[in-house]
Amino acid sequence: MERPQLPQGLPADIEDKKAAAKAWFESLRDTICAAFEAIEDELTGPLSDRPAGRFVAKDWLREEGAGGGGRMSMMEGRVFEKVGVHTSTVFGEFSPEFREQIPGASEDPRFWASGISLIAHPVNPNVPAVHMNTRMVVTTSNWFGGGADLTPVLDRRRIMTDPDTVLFHRAMEIACNRHPVADHAKFKQWCDEYFYLKHRNEPRGTGGIFYDWLRSAEELGGWDADFAFTRDVGKAFALVYPRIVRTNFNKPWTEQDRNEQLVRRGRYVEFNLLYDRGTIFGLKTGGNVESILSSLPPLVRWP
């Protein structure tokens, strides 16, 4: 007899909750991909003589002995030099070395996880890079996590008073303030602390929000409230980042701007390979390596 996919003792409606979360992540993926393709069509500034980019979707399954898979959607265009919008739903058992790091996994190593992950590296250095992900994880416990953060690549724009950063933070603050289960000040600080390159003593970007292990008490709305907040994070991102791109994507840039962008991308590589929790989680749970490492920029420079 096959072992059950999940530990015993979970809520009776856990399968309905899993299905709802998975459906939302996939719907958000389609919404964002359509929005980014529309932006590709709208470019009139530098490089507008190039063809507009389109996403190429590739489904994948986990390696033999593991369960689940996902869809990797990649685009290389005239606005987005490289952008990936990925969804995955995976299940199996955590390795012994990983169990102590995941809530509920030390009691039973079985897990289920579903989520969306996005990273965009624009062509124009005036357009900030961005990252967003949200996820639901089930072990003997279950919770939501995720966030969104902005990375301007020009030093003169890596300030908290820059209009793009102000707009991005305001969008995340509004999303948080709509939900009693969310704490914007806490999530903003968590983002600043998480997306920090310790070996260089500098932040990766200008921040956003980051949250994990969100499992609210029933009196606050429980799972439904956490899921509603997680959906609003995705909706807020899908509105604010295209607006930021449209504000900047037709602006001219210099060779110095491009060099600055490539150096800043190098910092992005350093963070993702040294510190990023999602990268480590994916590689240690039999995730799709191509999808996991697709967050890395196409061209970088170390001075």
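Cβ atoms here come from the backbone N, Cα and C positions, even for glycine.
Swiss-Prot lists region 'Important for dimerization' at one of the ranges 16-51, 124-159, 268-303, namely 268-303. In the three-state DSSP scheme, His199 (divalent metal cation binding site) is classed as coil. Fewest Cβ neighbours within 10 Å among the binding-site residues His121, His199: this applies to His199. In the region 'Important for dimerization' (268-303), helix, strand and coil residues by DSSP number 22 helix, 0 strand, 14 coil. According to DSSP, His121 (divalent metal cation binding site) sits within a strand segment.
This prediction places the mean pLDDT of the region 'Important for dimerization' (268-303) at 87.
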